[in-house]
Each structure stands twice: as C-alpha cells, then as structure tokens.
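Trainee: Sharing the feature lines straight out of TrEMBL:
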TRANSMEM  A:5-27  transmembrane segment
TRANSMEM  A:64-90  transmembrane segment
DOMAIN    A:66-255  domain 'ABC transmembrane type-1'
TRANSMEM  A:102-123  transmembrane segment
TRANSMEM  A:129-148  transmembrane segment
TRANSMEM  A:191-210  transmembrane segment
TRANSMEM  A:230-255  transmembrane segment
Ligand SMILES: Nc1ncnc2c1ncn2[C@@H]1O[C@H](COP(=O)(O)OP(=O)(O)OP(=O)(O)O)[C@@H](O)[C@H]1O
Ligand SMILES: [Mg+2]
C-alpha cells in the first residue's frame, strides 16, 4: 500500500515536470530572448515569478529549462542504457578473454573524467544540447555496462539458465525470457539514479559553457546565474532548485515503484 | 545397447588439477544407478559432464556416449538434440533451478512448447496434466516460485525435466535442500514416475539412505575416483574400504533416526 503511494507520487511529480516541458514547446509567457522586463523584478502580475538580472521572465526560463532537463535525462539514459546494456550483455556472455578485455576497457572508461569526455565531444560537435546528451550518455554507458555485466553473469550462473540450455532453448530466447526480466528490476532503479545524475551533470556542463547555448538555459545555468543575486532575489535560485529536486525525486520514486511491479518477489513486502 | 556409457571420464581444471579421475559406468535403458560420495567428491561434475554442461574452465576427456552419440567434443547443436529428449536434469537447489520472475506454469510450458510443438489450448492442457502428474494443484501454474513451498518447487522442476519424456533422468541431489518428510514424498514421486515412464535414472546423492530408496546399483566416488561399484546390498553388507564404511555408518545412523530399514 505504501509502495503504491510512492509510485503514484513519482508519477505525479514526473508528470508535472514533463507537462511543463511539453507546454513550453507551444507556449511560454514571453519569448525566450525577451529582455523587456525590469531587472530583478519580484513576482508580480506581469512576470508571475519575476525576472532575472537581464530582465528575462523567470517562468519562461524555468519552462524551457524543464524541456532541457527532460531531454537530457531521457536522451542520456536512453543512450547509456542502449550502449551500456549491449556492451554489458556482450561482456556477460563473452568468453574469458573477451570479457577480461571489455572489463578492463570499462574500468578505464569509468576512470575517465566525464568533464574531459564532454570537452572532447564539444570540440568535435560544438556546444549544444545534443553534445551534452552524447557526452553524459557515453560516460553513463560505461557505468551501465559494468552493472549489466555483473547482473548478467549472476543470472547466467543460475541453474534455470543451465536447464534452459539443456533443453535446447536458443540464446536469444534465454536473453529475452530469463536474463532481461531478471536484471531489469535492478537496472530500472539504477537508470533512474542515472537520470538524476545526468540532469545534475548537465547543470555543471552548462556552468562551464559546454551546455546548450543561450537563450535556452538549463536549470543548472539558472542556478549558477542566480548565485550572485541569491540574497536580493532568492526566488531565482529557489525555483530551479525546487524543480530539479522534484524531477530527480519523482524519477526515483517512479523507478522504485516500477521495480516492484516488475519483480513479483517484492510484491506485498515492506 | 546401453543408454549411457561413460568410460575413463576425466574432468580437469585449466591449471591441471584432476577433479574426476578415470570414471567408468553405464546405464541400460530403464535401469537405475546411484552415484554417491562425500561433498566435493565430483558427483555434480560427473552429472554435468555427462550432458556436456561443465562450467567454463573445466575440461572433460574420455568417452561419454548418450544413446550412442558422443558427448565430449560434440558441438552445442548436436548436444541440444540430446538434452531434454534423451537426458534431462533435476538440480539440487530448486530455488535456483526456477526463474524467480516467471510463473511456474510458463516455466513448465517452455519445454513442452519447444519439444512437442504445442500451442494455445493444447499447451495449457499439457501444462495442467504435467502439474497433475507431479501432484501439484492446478493453481500453482499461476504462482511464482517464491509463492510455493520448496517441495512444490522441486516437483515443478521434476515436471519440467519430464516434459520431453527423456529416456534418462539425471537427478543431482534432488531432495537435499528439502525437509525430511518432504524429501520422502519427492523421492517416492520420482521413483513412481521413473517406473511409470520406463525411464533410466542417474541418481546423485551423498546419502546412502536416500540412494537406497530409489536404486540398487551404486558407484561410490571418493576424490573423483570410483572406489566401489556394485549392488547396494553387497556394499552395505561388506563396505571393504574405510571411506565406504564411513558412508555406510553415517547412513545407518540417519536411517535409524528416521526409523528406516537399511
Ligand atoms: N568450476 C570449477 N572450477 C574448479 N573446481 C571446481 C569447479 N566446480 C567444482 N570444482 C571442484 O571439483 C570438486 C568436485 O565438485 P562437485 O561439485 O562435483 O562435488 P559434489 O560431489 O557434487 O559435492 P556436493 O555434494 O557438495 O554437491 C570440488 O572439489 C570442487 O571444489
Ligand atoms: Mg553436487
């Protein structure tokens, strides 16, 4: 019952942010580049949440930030899950030699600073939302691959896989019928965690000028910009911070809930 | 002709340790053989080598003929033709022998679907009768493994092994993980089904008392070598070597505790 409440709370929080992001595609209170407002206006009838130090509408910027956060989270997690998942599956199934090679490669990739990777990607592709997604997604795929490899190996060592092999079940069928369902509950929770980390990573990339270029600012950049004025206009820092927390917590609750749905051994527990 | 012929089977690790050493035995159609020995004596490795299932890193040499087909050195394709249909395995630990995330009915259905080509209503009927055969209530089909008892899990595993009507059933300590009373039920079930379908049985156990309930012929393994082969009665009457004598003594103690008749 309590689990159910968490799942619903997760759905509501995530739907809230995704809803804002979708609306921003069609409508924002002001155009993104509009600087007609006063500087650092407080919340009011004209600018509902006030303006920043360049006179841009805060609500408009927050809505566009929601779009960027969702895109970065989904994009990076999708990239990381596919690249990392496939690499991890390969390593999990591989013979000793290939597995050792892949494992060593993953260790190197994981030790490789995300920031350096991001700078390489930006050097190759230019600073954009796409570059941020690619950089964060690639960094994530190494972590996902390592986890997938361990989980796959654990499942493959089970007698039910041996039994499936003994009765002649093909490898693709073993993957879809046994391996994926058994690694999914753990993967889902980890990917949700990675979603939150991706959104936060994008914030730091933006700070260094490696994120999407202005006027489309991510929440991370809003936070950084509001730093110097946090005492005079605290809402500029509080609003993106709250939304960031709402999204990250929402996604984690959602993943926890989905794991319980995917894993019958957890139903009715706790 | 015998169904399973093992001659000079040797299993060794990559670094040259010998785990099973020159083992030979055979099982004719419809006959039974017990493989006994203490923990670590190589029983499970023998059972795995016979079906070509040794874990990576272990190598088998010698000859294993399953229904006339060589197993050692055979490729996966020809092994898969043998597995399930000629020889099927029931493992020691029912909790790892079943996928925790798949309903039991679906797991029992899997071999039926593949080997007998059953679909839809015919498949459901076959699953129902497979469960009935191992005395499981029909509702178990919808349960996940953690929702039923250990004995019921092992019955489901037996149902899966029997699905393709194998000529040889290999049971690796199928009752060790179970309570004593449940153990007796599952043993009786196995005994009855093997007889009813005229299957051959390779029964692995560290427990003479348990082996004695299903078979008369045994091979006694110690550190990978066969130290004794022959009828269980003769071995009980005259253990000859210390190792076998110790096995017999511990079996007697256990059997006495259970009020048995060894
Ligand atoms: N994959 C492996 N690599 C190396 N050694 C192994 C491997 N598997 C088993 N062994 C060793 O081989 C020996 C025999 O193992 P086996 O599993 O056949 O024993 P067992 O007779 O079935 O014992 P138990 O009654 O405990 O199941 C043991 O000493 C074990 O440590
Ligand atoms: Mg064993």
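For all residues, glycine too, the Cβ spot is worked out from N, Cα and C.
TrEMBL: automatically predicted annotations, no manual curation.
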Trainee: Let me spell it out: take the transmembrane segment (A:64-90), skip the flanking residues so only those 6+ beyond its ends count, and list any with a Cβ under 8 Å from a Cβ in it.
Mentor: 17-18, 20-21, 24-25, 28, 32, 98, 102, 106, 129, 132-134, 136-149, 151-152, 175, 179, 187, 191, 194-196, 198-199, 201-202, 212, 216-219, 221-222, 240, 243-244, 247, 251
Trainee: Out of A:5-27, A:102-123, A:129-148, A:191-210, what stretch is closest in contact terms to the transmembrane segment (A:230-255), meaning most Cβ pairs under 8 angstroms?
Mentor: A:5-27
Trainee: Taking A:5-27, A:102-123, A:129-148 as candidates, which has the most Cβ pairs under 8 Å with the transmembrane segment (A:191-210)?
Mentor: A:129-148
